[in-house]
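Asks: Found this in Swiss-Prot, in case it helps:
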type	residues	note
BINDING	51-54, 176-179, 199-202, Tyr217, 264-265, 355-356	NADP(+) binding site
BINDING	Leu136, Gly137, Leu138, Phe139, Thr140, Ala141, Gly142, Leu143, Ala286, Leu287, Thr288, Val289, Phe290	substrate binding site
Amino acid sequence: MPSATPILPRQQTAIVAEAAGKLRIQHNVTVPSPGPMVAIVKTAAVAINPVDAKMLDYSPVPGAVHGYDFAGTIVSMGPNTPAHLRIGDRVAGWVHGMNAVEPNVGAFAEYVASPADLILRIPDEMSFNDAASIGLGLFTAGLGLFHELKVPGSLSDPDGLEIAEDERFVLVAGGSTATGTRAIQLLRLAGLRPIATCSKANMDLVHRFGAEHAFDYSDPECAAEIRRYTGGTLAYALDCVAMADTTQLCYNAMGRAGGRYVTLEPFRSAIAETRPLTIEPSWLLALTVFGRKVDIDGEYSRDARPDDHKFAVELTVSVQALLDQGKFDTHPIKVMNGGWDGVKEGVDTIRTQAMSGQKLVYPV
């Protein structure tokens, strides 16, 4: 394993935003420097997320490097980085792509400047392609479940959960999404009882990641079936689809006593107002885990949330232990060709085609 810091080039190839809905490949983008608690990663693979297209379409930052999920090799580290990380480590992570505050920090680049305390070392047997699928889905699921939804249970002490079996149910709507499979797996590892909605075609997938039971979201009786299965005790729902239909389904599936509902987009207030006294709704933006101000237009803007970053660091430690023990699996991927040209096309693909049960990954 290399012990000396290699000399980084001054410029690199990266995909940057040009205008709303438009990206370009640029060959003279400045390589970021390793500041405090920052690791520079030589990118080996990147993954495409729906947010890549959404942010480009509705909140572009011209000239900023785009992309969130990556995997690669650490080639440089700044001061105060975690002692367990070394130059030469194979790692996975994610960053705030197309960031107005840090325009040279994005995953769609030859070199990525990543917060070192949110990086995961990957096992030797895990490919960079598989590892590239981890970042955004993992931290969205973790933040949603343990920080926002406040489910009982702990990844570090799953056997210490002292609640009745019928109080352990957690519904994951959209269980076959990349965030959904991460959520199901985390819940199972924390000693809880994940149940999921998905299509019939993806039921085997959600069962493989640990769902106790899967429900066909297209069945008109879906919510009633969930109530019957849980005995009317469901008190936690994570909505990974974030549409009006799934909000309504989650509300209808929850028990009479209510509970908490968390989604990944602003929820429909008209639905929330149907059970204002029993269900506490909220929605999250995973970008807050970096502990910095999120400079995005409208209701997606956030002040810095140090508590979210503290939680994310703790989650990283817990998931690192699971990876080291071989207990954490990755979401199914579809490996694509084309390098940076392919990545650019992939963002267009995710805009028009739903990726059911898999994630597009590009070796670069």
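We number each residue from 1, going along the chain as drawn.
Placed from the backbone N, Cα and C atoms, the Cβ positions cover glycine too.
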Asks: Which number gives the other C-beta atoms within 10 angstroms of the C-beta of Tyr217 (NADP(+) binding site), all protein chains shown included?
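Replies: For Tyr217 (NADP(+) binding site), the 10 Å Cβ neighbour count is 21.
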Asks: I need the least crowded one of these binding-site residues (Thr140, Thr288), counting other C-beta atoms within 10 angstroms of each C-beta.
Replies: Thr288
Asks: How many neighbouring Cβ atoms, not counting its own, are there within 10 Å of the Cβ of Ala178 (NADP(+) binding site)?
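Replies: Its Cβ has 29 other Cβ atoms within 10 Å.
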Asks: Using the structure shown, find which entry in Val51, Leu136, Leu138 (the binding-site residues) has the sparsest Cβ neighbourhood within 10 Å.
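Replies: Each of the binding-site residues Val51, Leu136, Leu138 was scored by Cβ atoms within 10 Å; lowest is Val51.
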Asks: Could you list the residues of the same chain, at least six apart in sequence, whose Cβ is under 8 A from the Cβ of Lys200 (NADP(+) binding site)?
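Replies: Counting only residues 6 or more apart in sequence, the Cβ neighbours of Lys200 (NADP(+) binding site) under 8 Å are Asp216.
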Asks: Restricting the comparison to the binding-site residues Val51, Lys54, Ala178, which residue's C-alpha is spatially nearest the C-alpha of Leu138 (substrate binding site)?
Replies: Ala178
Asks: If you measure from the C-alpha of Leu136 (substrate binding site), which of the binding-site residues Ala178, Tyr217, Met355 fall inside 10 Å?
Replies: Ala178
Asks: Out of these binding-site residues, Lys54, Gly142, Ala286, which one has the fewest other C-beta atoms within 10 Å of its own C-beta?
Replies: Lys54
Asks: Taking DSSP as the reference, which of helix, strand or coil describes Lys54 (NADP(+) binding site)?
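Replies: DSSP call for Lys54 (NADP(+) binding site): helix.
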